[in-house]
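Chemist: Okay, these came from Swiss-Prot:
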type	residues	note
BINDING	38, 39, 40, 58, 82, 99, 106	S-adenosyl-L-methionine binding site
């Protein structure tokens, strides 16, 4: 039987250094947008000054339970997705950290339904207290809808055949309720396999992203960060696949240049609101020690003096 993996935080030191800067014991309010199991939050608290404050967000009830064990008065957590960080007071935050990866305890718990490696209920919700599970959505979705999700969020070229196979199995045997059943359907529909990759990888990724509205939440969080970051505040984002990184890259690029209004060619341009600082990949040593770091990309930007 596969044993659950202990979660190892990716780019831990690099992310916290980028967030807090070089100063000793910084003050100010910082945001950890994805508490997970607290890897980043605990290190931030170690390096934060006595007047500092850390606000964490997470949708996962198990993460909220883990956070309850932190008794530091400088720390608080909200049972919300990071898309809500824009509700914090404007220009009140010195740094925002978004780690977009799914934690190992989530992936490796069969009852959460995130992985094709373990047979369990086909759920995949980050917050199991609300919303549809993947099984519930697949029970009613049309083939065209399923194909669109798998193609757009998984970049899967066999999205059409996979969707047809899902609907055919559902029609023949009833709703698809387990991860093993879905993985078996996908394996039968994918005609060629990428070396070293399970044929269900892209489909599971796509359904997880869709059911949790991950890309929409990311866009909202990035927009919210512009509102809450004070001038000089840092935005640090760790992404794990090309769809996420593309959104982050484009967002930083969009706000790192002056914007002219074509309808008013003589009006002064809107000044840039972010300054791109770094793009960091895990070291070869980190990837060797933690295979899940392989696809990680960290981008760092700094809020300019211009108000939101």
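Glycine is no exception: its Cβ is also placed from the backbone N, Cα and C atoms.
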Chemist: Count the Cβ atoms, other than its own, that fall within 10 Å of the Cβ of residue 99 (S-adenosyl-L-methionine binding site), considering every protein chain shown.
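Modeler: A 10 Å sphere around the Cβ of residue 99 (S-adenosyl-L-methionine binding site) contains 25 other Cβ atoms.
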Chemist: Using DSSP reduced to three states, classify residue 38 (S-adenosyl-L-methionine binding site) as helix, strand or coil.
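Modeler: DSSP assigns residue 38 (S-adenosyl-L-methionine binding site) to coil.
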Chemist: Ten-angstrom check, please: count other Cβ atoms within 10 Å of the Cβ of residue 82 (S-adenosyl-L-methionine binding site), all chains counted.
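Modeler: The answer is 28.
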Chemist: Rank the binding-site residues 38, 39 by the number of other Cβ atoms within 10 Å of each Cβ, and give the residue at the low end.
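Modeler: Comparing Cβ neighbour counts within 10 Å for the binding-site residues 38, 39 gives 39.
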Chemist: Sequence gap of 6 or more, C-beta under 8 Å: which same-chain residues meet both conditions with respect to residue 40 (S-adenosyl-L-methionine binding site)?
Modeler: 9, 12, 15, 16, 32, 97, 99
Chemist: Can you see whether DSSP assigns residue 58 (S-adenosyl-L-methionine binding site) to helix, strand or coil?
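Modeler: Going by the DSSP assignment, residue 58 (S-adenosyl-L-methionine binding site) belongs to neither helix nor strand, so it counts as coil.
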Chemist: Which of the listed binding-site residues (58, 106) has the least company, meaning the fewest other Cβ atoms within 10 Å of its Cβ?
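Modeler: Among the binding-site residues 58, 106, the lowest count of other Cβ atoms within 10 Å belongs to 106.
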Chemist: Same chain, not part of 38, 39, 40, 58, 82, 99, 106: whose C-beta falls within 8 angstroms of the C-beta centre of the S-adenosyl-L-methionine site? Give them in sequence order.
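Modeler: So the additional residues around the site are 9, 32, 33, 34, 35, 36, 37, 41, 56, 63, 103.
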Chemist: Under DSSP, is residue 106 (S-adenosyl-L-methionine binding site) helix, strand or coil?
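Modeler: In three-state terms, residue 106 (S-adenosyl-L-methionine binding site) counts as helix.
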